[in-house]
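Quick look at what TrEMBL annotates:
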- 166-173, 191-195, 212-215, 288-291, 317-319: GTP binding site (BINDING)
- Ser173, Thr193: Mg(2+) binding site (BINDING)
- 2-159: domain 'Obg' (DOMAIN)
- 160-336: domain 'OBG-type G' (DOMAIN)
- 355-439: domain 'OCT' (DOMAIN)
- 449-471: region 'Disordered' (REGION)
Amino acid sequence: MATFVDIVTLHLKAGHGGNGCVSVKREKFKPLAGPDGGNGGDGGDIVLFSDPQVTTLLSYHRSPHINSPHGGPGMGDHRQGFKGEELVLSVPVGTVVKDPDGTVIADMNVPGMRVVVAPAGQGGLGNAALASTKRKAPGFALLGTKGFEGDVMLELKTLADVALVGYPSAGKSSLVAALSAARPKIADYPFTTLHPNLGVVQAGEVRYTIADVPGLIEGASEGKGLGLEFLRHVERCTALLHVIDCATLDPGRDPLSDLDVILAELAAYPVPSDQVPLLERPQLIALNKVDVPDAKDLADMVRPYLEERGYRVFEISAVSHEGLRQLSFALAELVEQGRKEALANEVVPVIMLRPRAVDDQGYIIRVEGGSGGNIYRVIGAKPERWVEQTDFNNEEAVGYLADRLAKAGVEDMLFKKGAVAGSTVIIGEGNGLVFDWEPTMTSAAELMTGPRGTDDRLNQNNRRTNKERRDEYYDLMDAKQEAREELVRERDAGLWQVDDEIADES
Ligand SMILES: Nc1nc2c(ncn2[C@@H]2O[C@H](COP(=O)(O)OP(=O)(O)OP(=O)(O)O)[C@@H](O)[C@H]2O)c(=O)[nH]1
Ligand SMILES: [Mg+2]
């Protein structure tokens, strides 16, 4: 049995980046001819694409687990790892993308929109790319990072210009079929239609879409039947067409009370605050099944009452096609008018969902109290990615990480926050990377040169000029010279003796 599909949770797992390669070029007479390890390739992003050809989310309901390809590892001889191919998921126009907690992250209301829902991991640099004048032959490479992994919810609110509303079996699906090329299933029992049939209608120059909202019943707005799910589809339409069954044999029903029941349901349905309440949208009435003689009589009878209430009324037959032409042109007029108004307050579509880690600037350091003293937690996409890229079995790679952190000012900020050598520092949320902090050599040296109790890094303006650097260097050298001289004086004074072994070495 067909199920009513309009909300689907996708479990996404974007490909990881390939690891960089450590390799050294070897030539016949030059066995160590420089690093030539290539970079790992990036993984493939997972992208949603709003495709007018697609009308349901059914295929995702069947297979919600989606993985995009990984990037390949770098190789020797400067060969780059292959790039994982982007995975494009076509979704119907009108799909709303939400976080698992229900927050809207993208509204794909325009055809051709691309939304990167799950950015892939980055490939790691190979040792060739990591080489610099300072580090001529790096013995390490960066690891590829993980791609986004998590859930998103897709919610389809059918984006039809006109919604056909009415009791079950009023002939809505038949009318969609008669007005357009769509061939929906039609049957004579309630709730035949389990997801809306979309049809495209061409009326003169104007082309618009209609959708038959599955039959409404009394109490639908309170969730009776599949009421709320059904009414959700009406939310975005420009105009409503009431399809009223004039040939019903149910003794408790007649066109006027049928209309009142449907109006009451529509009135009770809470639309989002940024949208026009359903009953304030333009509405037409189609009295259907006038090919049946009794129905024709009934339609003629109720028509004046409806017109008196201000409605434009069309007597039609989805079977004989009577009255359909006039109806389709009247609907086209409403749609045209609605489009003009919508264009006046055009919304710019969202394209990028989750900012790529690369573009993420900055980080914060949070000081957390612990029983064994403070814990300093560094939170930020960049430092966290750097940790992910580090091969902790490789000392050189760890050193490179320390350099990157120091260069980004993480070390300085740790000082400012009160961290001292030996403090526990964690990078990332949760367990993250935990380490005992050792300030790097430069920082220690800089600390030594400052007057006791001060720290250069506490000065806000810590971008030093070259001259200042040079002066500092000389200061440092002077300080060391002084220290050495003092040692000599102490030795000469007989305060200590040179150990033979060490003396030999120097
Ligand atoms: N004689 C006649 N029968 C019609 C006409 N339109 C629809 N019907 C019949 O009415 C029954 C219900 O039609 P559907 O189009 O499935 O009705 P619906 O409004 O889509 O019903 P739900 O999807 O259940 O809400 C079918 O048996 C149709 O053949 C019409 O103009 N004349
Ligand atoms: Mg139907």
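Along the chain as shown, residues are numbered 1 onward.
Backbone N, Cα and C define each Cβ position, glycine as well.
The 10 Å shell around the Cβ of Ser173 (Mg(2+) binding site) contains 26 further Cβ atoms across the protein chains shown.
In terms of DSSP helix, strand and coil, the domain 'OCT' (355-439) has 31 helix, 18 strand, 36 coil.
Local packing around the Cβ, expressed as the count of other Cβ atoms within 10 angstroms, is greatest for Ser317 among the binding-site residues Ser169, Ser317.
Here the binding-site residues are Lys172, Pro214, and the one with the most other Cβ atoms within 10 Å of its Cβ is Lys172. Among the binding-site residues Gly166, Ser169, Lys289, Ser317, no residue is identified whose Cβ is positioned under 6 Å from ligand 2. DSSP gives Gly166 (GTP binding site) a coil state; it is part of no helix or strand. The average pLDDT computed for the domain 'OCT' (355-439) is 80.
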